[in-house]
Structure formats: structure tokens, C-alpha cells
Amino acid sequence: MFLVGSLVVLCGLLAHSTAQLAGLPLPLGQGPPLPLNQGPPLPLNQGQLLPLAQGLPLAVSPALPSNPTDLLAGKFTDALSGGLLSGGLLGILENIPLLDVIKSGGGNSNGLVGGLLGKLTSSVPLLNNILDIKITDPQLLELGLVQSPDGHRLYVTIPLGLTLNVNMPVVGSLLQLAVKLNITAEVLAVKDNQGRIHLVLGDCTHSPGSLKISLLNGVTPVQSFLDNLTGILTKVLPELIQGKVCPLVNGILSGLDVTLVHNIAELLIHGLQFVIKV
């Protein structure tokens with residue numbers, strides 16, 4: 001009986017202690033276990049919680065490569081631009097003896113330009129007083145590239161810009177004209193007798209209507225003089241510049257990287273379309 005009574009007293013004391021402890025706060029880290037994946041948030045920078053999306057690095061899908069034909073077209077135009085510049089195109093344009101060509105009628109005093117100049121100088125005496133016409137500040141602008149509808153040819157647009165300094169004492173100061181002209185070169189792929197593939201130059205000429213001449217600065221001359229001078233330049237300049245650019249393009253094509261030539265030629269021979277930005 002004494003043993004049973006002692007157990008009853010002990011159980012009562014334990015129940016009383018448990019009731020008292022239930023009202024006290026639990027020590028840090030001794031809380032009841034939480035369900036899986038619901039752990040307490042971690043503190044970050046003055047109590048801010050770290051969002052789940054910023055907690056772990058996310059896998060990033062690799063970027064898709066560009067279309068190979070886009071890269072091929074860019075490499076081709078870059079090679080042409082670099083070849084024209086390294087071939088001295090800008091210096092060649094600056095050294096064109098434009099006044100001598102105009103006065104000689106393009107090397108043929110009996111030709112169209114020579115006859116035209118003779119008529120103009122007789123009707124507009126100011127043209128006789130031209131002391132010099134100098135090409136300055138030649139620029140090679142960004143090349144354009146398109147493919148023929150059948151896929152067998154490329155057409156390269158070579159845009160040029162330059163300034164003409166016209167020295168005329170009668171006018172009273174230097175007259176400057178801004179000139180823009182596009183040369184268009186046709187490129188084809190051919191196979192020789194040994195089966196080797198080459199890129200060759202087809203037609204190469206100035207684009208009709210692409211020549212633009214405008215008064216840049218200087219004393220405004222008599223309008224008839226400006227019109228007649230522009231008319232002469234329109235007859236002379238395109239063929240002069242074309243004669244300098246086209247041989248350079250032909251030489252560049254023959255010296256292009258073999259792999260680049262092969263890749264482009266294969267597409268042209270089979271008529272496969274490039275993805276080319278105009």
C-alpha cells in the first residue's frame with residue numbers, strides 16, 4: 001500500500017511540473033520538428049528574407065548559334081571591305097586627275113564629253129576659269145549584299161562618298177560639292193577544268209541614278225554654271241570611279257580565303273539562298 005501511494009504522489013508532482021513548463025517559451029532551436037521542406041527562413045541583411053528564386057543558381061540554357069549563312073555573308077563583305085581599303089582605294093580616288101580628264105573629254109577630245117565640254121565652255125565662260133578640281137575626303141561606306149532570285153549570283157553594292165573642291169577665282173572662294181555614288185559588282189561561282197571552284201567578277205558598273213551631287217558649302221555660283229558643271233561631272237565621274245573600283249574587286253576575289261570561297265561557291269552553284277540583310 002505504501003508503494004502504491006508513493007507512485008500516486010510522484011505522478012501528481014510530474015503532472016504539475018509539466019503544466020508549469022507548458023507556459024514557458026522554448027529555448028532557441030528546441031522547437032518541435034517542422035514538416036519536410038518547411039524549414040525556417042534564413043535572415044538576410046537586416047531581417048530581409050531570401051526569396052526562393054534567389055537562393056540557388058538557376059540553370060541557363062545555352063544561346064542558339066547564329067545562322068551560318070549570316071556569318072558567311074558577313075565574312076564575305078568584311079573581306080571585300082578590308083581588301084578595298086588595304087588595296088589603297090581611297091588614295092587612288094584622291095589622285096584621280098579630274099580636271100585633266102574633264103578638259104580632255106575623258107582622254108578623247110572628239111568624244112561625247114569633249115564635245116559637251118566645248119559647247120558648255122562656249123556658252124558658260126565661267127567653266128574656262130576652273131583652276132582645279134580635287135577629290136578629297138573619300139569614304140568607303142558599309143557594303144550591301146543581296147542574292148539573285150535563282151540563288152546563283154551575289155550582288156555587292158559598294159557605296160562611296162567624296163568631296164569635290166572646285167577652285168574658281170571668279171566665284172571668289174573654294175566651291176565644295178558632296179558626291180555619293182554606288183558601284184554594283186556581280187559575283188559568280190565557276191569551276192575550272194580541274195574541278196576547282198572560284199568566285200569571279202561578272203558585271204561591274206555604277207548603279208543607275210545612284211550619283212548624287214549637292215552643294216556642300218562655298219559662295220553660291222550662277223545657277224547655270226552649277227547645273228552645267230554637275231552635268232559634266234555626271235558624265236565623267238561614274239566611269240572614272242568604276243574604272244578604279246572594279247579591278248580592285250576582281251583582285252580581291254582571286255585572293256580570298258580558300259575555305260570562305262568554297263563555302264560561298266557551294267551555295268551559289270546549288271542555288272541555295274543566303275540569309276542576307278540588305
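Glycine is no exception: its Cβ is also placed from the backbone N, Cα and C atoms.
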Pick from 4-9, 88-93, 112-117: which range has region 'Important for surfactant activity and antibacterial properties' per Swiss-Prot?
112-117
Among the candidates CYS11, CYS246, the one bonded to CYS204 through a disulphide according to Swiss-Prot is CYS246
